[in-house]
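Undergrad: Mind having a look at this structure? Questions to follow.
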């Protein structure tokens with residue numbers, strides 16, 4: 001559960017906050033009920049009291065326009081609604097009654113010199129990433145030709161060896177073994193590596209390899225967007241393979257369908273070349289070029305012409 005203090009600490013470099021009142025409530029939780037980041041923070045809004053309320057110049061002018069009794073009424077509405085924190089932007093000084101109310105009811109009241117609009121944008125980006133749906137999957141996550149590729153498959157099939165071959169061909173490692181995936185936007189899944197495993201690749205027989213030290217800075221990536229899953233299976237597996245699948249295979253990841261390619265592992269197959277070819281083909285499909293569809297159209301035209 002994200003707290004107000006964590007929010008302050010995590011954004012200290014971009015947003016310098018100063019505590020005014022309610023410091024004892026620094027561990028107050030910011031609600032996460034599957035709400036979008038845009039609903040978690042915004043300008044002063046009494047209709048949505050449960051979000052972080054930001055006072056800019058216009059909001060403070062609106063608030064101070066009322067008499068003390070009306071202000072107390074508005075504050076009561078925010079408090080009953082469970083406001084997590086009140087932030088004053090533009091370096092504004094709050095009226096004493098606002099300070100007293102926040103101190104009395106233990107509501108965090110903070111000030112920052114950052115402009116209100118910029119403050120809201122920064123916090124929405126932060127909250128969108130911090131509270132994004134996440135999962136951890138087993139596999140190797142790579143940057144192949146600028147595309148985020150997750151290599152999966154049962155243990156012992158050579159996922160790490162394949163990753164090492166791709167890295168030696170100029171591609172980049174994001175994460176090995178434990179890949180943390182986050183849905184940071186409606187159509188975006190980002191993958192990154194846990195801090196403990198950064199830059200490391202475990203290869204059977206060689207142990208742990210520090211890819212960054214061995215291959216240089218350009219051989220690792222901090223994060224990538226997941227666009228393709230390459231699933232390795234044994235050549236003896238009973239899975240039924242279609243040589244020319246009429247429809248793209250997808251796999252659900254955090255509620256999003258991700259393109260999936262299945263490759264059989266067998267002696268003599270150059271999997272690194274196959275993965276690169278799969279990535280290039282995926283890039284073409286993302287650009288609207290369907291090689292199989294074009295072939296089927298040509299085939300249909302040829303059959304039509306031969307029947308005349």
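Cβ coordinates are placed from backbone N, Cα and C, and glycine is handled just like the others.
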Undergrad: Looking at the candidate ranges 264-269, 270-275, 276-281, 282-287, report the one that Swiss-Prot labels region 'Important for the catalytic mechanism of dephosphorylation'.
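TA: Going through 264-269, 270-275, 276-281, 282-287 one by one, Swiss-Prot flags 264-269 as region 'Important for the catalytic mechanism of dephosphorylation'.
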Undergrad: Which residue counts does DSSP give the region 'Important for the catalytic mechanism of dephosphorylation' (264-269) for helix, strand and coil?
TA: 0 helix, 2 strand, 4 coil
Undergrad: So what's the mean pLDDT when you look at the region 'Important for the catalytic mechanism of dephosphorylation' (264-269)?
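TA: Averaging the confidence scores along the region 'Important for the catalytic mechanism of dephosphorylation' (264-269) gives 84.
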Undergrad: Cα-Cα separation of residue 153 (ATP binding site) and residue 138 (active site), in Å?
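TA: Checking the Cα atoms of residue 153 (ATP binding site) and residue 138 (active site) gives a distance of 8 Å.
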Undergrad: What kind of secondary structure is residue 153 (ATP binding site) part of, going by DSSP in three states?
TA: strand
